[in-house]
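Summarising the annotation, Swiss-Prot assigns signal peptide to 1-19 and lists sequence analysis as the type of evidence. Residues or ranges marked as N-linked glycosylation site in Swiss-Prot (evidence: sequence analysis): 222, 310, 465, 527, 576, 682, 732.
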């Protein structure tokens, strides 16, 4: 028998590379087999045309030199001039190439930041429209080599949109809002520290996926970033990013003229305010001449903004746009503006209406260097939402889409969720503006409405963890974001497989296994967290992590489900509801207005229906809930065995790191499944046709065991404990024992123990069979996993440990001893004994 929950013993395997910690991401440049003619085809010289010190051209040459050395043990010299293509790779801008190589092959037409890569006829030519484009081409060439692709190619590629940014929600104290990969790499104790050593590697990763801008601080901004010493620090950050073609920008606090500048107003039309922002902007550009611009969150979730002074959001955005215009900077102005104190008692209130209500009347009133940054859905990064109708309502305004790489509502990197298939439901959706093809991707590029600016922003939130995001597999989402921002019609699985080959090597089983797991992960998470468009049924008032469907309703945040004993869902129709459907162009509105034509996966987003409403699948809503939550959790169980099939094919450190998370996810998916099903079973009173919900024949409730030093505890929310109760030690210094005589047939079982591991202590548990040790463990999720922790017994802290292949004899006595620590009273929920092949 063996325990599966926290870090397991690392076993060295013959032939494996030295253990890796994830710091290199996909830029590992791991050894690639290349012999004979292949080896001879590799360049021995690298010609960098007209490089300046620390320019993207110089970086491109260094990257290729390093890549060739690490992948093929080949030392290539770097030379600053020359046009000979024999055994050489030539890197440069189009202008430099035409000047230095007048008789060379003509280069096809390139758009801004585009590049031409040619490896035919024994040549390697990487020519960019700009220095940044040439660097992108160098990374493209290295990507091919690292995947074992030596086929001759010749093609040009250019970006889908000019803005391809990432946002970091880093705070000045070094913490991070909704970051699950450690502390900030930019800030500490209110300042920008001297040690910025991780920033260069982040710049490399971003450049390799063609990201050209970064906002380094939280949208809930602290005005102290604008102090002179911190502006100096921003200059140091920008100096690190600049050679990689990534421009630095910052988030602003709208009230800074008052909170930092000492003015008695922050009215955007006040001359003193205008002058103050002009001076601050000038000071920033003195230090960072190529600063990207500003990101602004205003009049949302308590943040200050122009409406305080009865000014419009456009007047607020234009304040910054005019200060930036002489310097060439842009304003990304977030459309995430809504009232979080609206009353659910009013049937017609709807947070989803807010963006169009606020911004549509302002179309055409923004300066040309303003870009309205719009979240992909009308609410907030949910597991499934319809596309935001605001994209279809701004004809005369630049727009960008806002995605989330950090998994705020989607498992917080403790659950595997590959996000591009979700994003593609938004990017490819045809909004049919004026009855014409209008996919979202063509609106944000500026193509559909002939706008000069537009593009992409993603909240990433890398941190000091060596995996960057808290999980090795989560990095696939950052990689894919960059690839899609360049070309949004790429296939999500193709992108994923490029990332797998660069990250984990070329073994076919590794490729197929991680592909299968990843492509199944978003549908599985949707199934066990919230489906039919009901949103992610997480605790929206606390951690945004574990299940708590009741938290959606009864408050002013507007993420309502309107679930009661008879019906569920938001009526957003024109006929009877909030009229949200009317914000879409007519062809789309007509689809969503009618239950019969609304897709099942968005039914509860647009309609309030009885639990017995039949779906297009033929199932009732409530039975679909039950079935989907079981199906999703069942899929999550398979991730463990799939990953275990790769033992010996992946270096031990990364293998064990991922395995720990997948084992945890398998257990937590059951917590999700049971919590949601029990909640709606209790609310609706409708039984599961398959008699699974509320029936757990393999479980023994902890409160039904013989207790010594333990006492029963009513868990809140009730559905996050099996049978609503758990047990805790009588005091925080009392060791507790729970024991029971087993009435199961003799045989081998997997012994699962569900417990609660919350912040504020590291309890210890030991399990015995007839006084024979089965296993022991510690409540140390805070040291092992990435998600936001709870200080309660709830769906966030609920965890399962499993001991496999335990030999049980009927009549054996199972005993669990819990030793509390700190605030944590060694809580237990239940034990389960599962015959092999049975999922609880």
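From the backbone N, Cα and C atoms, a Cβ is placed for every residue, glycine too.
Structure with Swiss-Prot features highlighted.
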| residue | record | CB count, 10 Å |
| --- | --- | --- |
| 222 | N-linked glycosylation site | 19 |
| 310 | N-linked glycosylation site | 8 |
| 465 | N-linked glycosylation site | 19 |
| 527 | N-linked glycosylation site | 25 |
| 576 | N-linked glycosylation site | 13 |
| 682 | N-linked glycosylation site | 14 |
| 732 | N-linked glycosylation site | 15 |
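Under the three-state DSSP scheme, residue 310 (N-linked glycosylation site) falls in the coil class. When the alpha carbons of residue 732 (N-linked glycosylation site) and residue 527 (N-linked glycosylation site) are compared, the span between them is 38 angstrom. Looking only at Cα atoms, residue 310 (N-linked glycosylation site) sits nearest to 222 among the glycosylation sites 222, 465, 527, 576, 682. Taking the Cα atom of each, residue 682 (N-linked glycosylation site) and residue 576 (N-linked glycosylation site) are about 28 angstrom apart.
A gap of 38 Å separates the Cα atoms of residue 222 (N-linked glycosylation site) and residue 527 (N-linked glycosylation site). Each residue contributes its Cα atom, and for residue 465 (N-linked glycosylation site) and residue 527 (N-linked glycosylation site) these two points are 30 Å apart.
A distance of 29 Å separates the Cα atom of residue 576 (N-linked glycosylation site) from that of residue 527 (N-linked glycosylation site).
When secondary structure is read from DSSP and collapsed to three states, residue 527 (N-linked glycosylation site) falls in the helix class.
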